[in-house]
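Have a look at the structure below, then the notes.
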Amino acid sequence: MASRRLALNLAQGVKARAGGVINPFRRGLATPHSGTGIKTQTTTLKNGLTVASQYSPYAQTSTVGMWIDAGSRAETDETNGTAHFLEHLAFKGTTKRTQQQLELEIENMGAHLNAYTSRENTVYFAKALNEDVPKCVDILQDILQNSKLEESAIERERDVILRESEEVEKQLEEVVFDHLHATAYQHQPLGRTILGPRENIRDITRTELVNYIKNNYTADRMVLVGAGGVPHEQLVEMADKYFSKLPATAPVSSASILSKKKPDFIGSDIRIRDDTIPTANIAIAVEGVSWSDDDYFTGLVTQAIVGNYDKALGNAPHQGSKLSGFVHKHDLATSFMSFSTSYSDTGLWGIYLVTDKLDRVDDLVHFSLREWTRLCSNVSEAEVERAKAQLKASILLSLDGTTAVAEDIGRQIVTTGRRMSPAEIERIIDAVSAKDVMDFANKKIWDQDIAISAVGSIEGLFDYARIRGDMSRNAF
């Protein structure tokens, strides 16, 4: 299933924090403490393939997977949807294993095999007992290098993906965020959807699938990741055995050149009015930060200050942020969610609003943007400390299990080339001050162009110029 959801939980792509010193007089049957010795190791093979892992000697299971620096952004308008289509075909048989043999082999191990596609990455991974890791790596290499891509399988999956596309169109949040990308990055690779338009899904050919593999599944764009009870040296040996014949690089193409060009953020809006939908669903964003930007963590802290709100929760009046308190007091929204979505060279920082108070849509948007402009000049240390505490807690909670750790390693190595140490992450977050937040807001929010995506009963949403004007209006 493609990973299309853009809403960022506070820990998207962030890292674990190492534990303290191990007490040599550990009580019997205690859960083994990780200590400070656990670290991420990396090795690069001769063909450029990176192997990265975090070994936990007490873990009974491991997650291994291949993170590929290619997603829908690496496609053209004509081939949009190819990466996701390939993900569906991955488990439909290889030159060595039929689909039934593949499924039976995974089932007999009690393992889990999965894949997903995003705008910038394609990922294939497996979770299994430590002793079955070599079998899983063998299966992964077989899928990546020997998939048959039979015409019969392509036609079957074509129908499956078309039905999936119909289901996605029923999910308002997905629709709003897809349109947000489309308007913010108009006529650029990052503005395309992951599934692709239906006409592409109907027309994608085997040749296009093969060409996508040839142009993107190369060693310089791939990272073999391991997390759990698999030693790094063992993973390197398996990588050398199974992936040493991968081509080092791909031929330069117009699609590859375009995909690496930093996209322009375009202030604009897209509105789809449908009064049969009982709510107004609105996303507003400014240009955010990339994964490697110096302001990445400041952006996350600023996002946490704006916060989230859900009227249905029992603690709705007390969800921490000033905006959530104001929205609840005046009954302006059903929910809202702040987000900071990052890519390799750009990002989207904003808020997603849902309300059934259709005569107060303008008030909701106005006071949300008033909160944004407040951040430019009036942020207290107390709310910054609360946001930092939330962020650090969310980081740890998001890294529960080997699959989450593998995801973090793979994403970081693919996008930035290194995995930041846990101590470094904590130090950076702790160093963020109220002044840093205000500096970030003045640079990224104050009087900046915005992208707006709105779906549903949106008659009450004012015109773009009026909303854009709120980006430079004093909060006082």
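From the backbone N, Cα and C atoms, a Cβ is placed for every residue, glycine too.
Around Glu87 (active site, proton acceptor), taking its Cβ as the centre, 23 other Cβ atoms fall within 10 Å, counting all chains. Here Swiss-Prot flags Glu87 as active site, proton acceptor, drawing on sequence analysis.
In this structure, His88 (Zn(2+) binding site) is part of a helix by DSSP. Per Swiss-Prot, Zn(2+) binding site is recorded for His84, His88, Glu164.
Per Swiss-Prot, the feature transit peptide maps to 1-28; the stated evidence is experimental evidence.
Under DSSP, Glu164 (Zn(2+) binding site) is assigned to a helix (H, G or I) in the three-state scheme. If you draw a 10 Å sphere around the CB of Glu164 (Zn(2+) binding site), it holds 17 other CB atoms from the protein chains shown. One residue stands out among the binding-site residues His84, His88 for having the most other Cβ atoms within 10 Å of its Cβ: His84.
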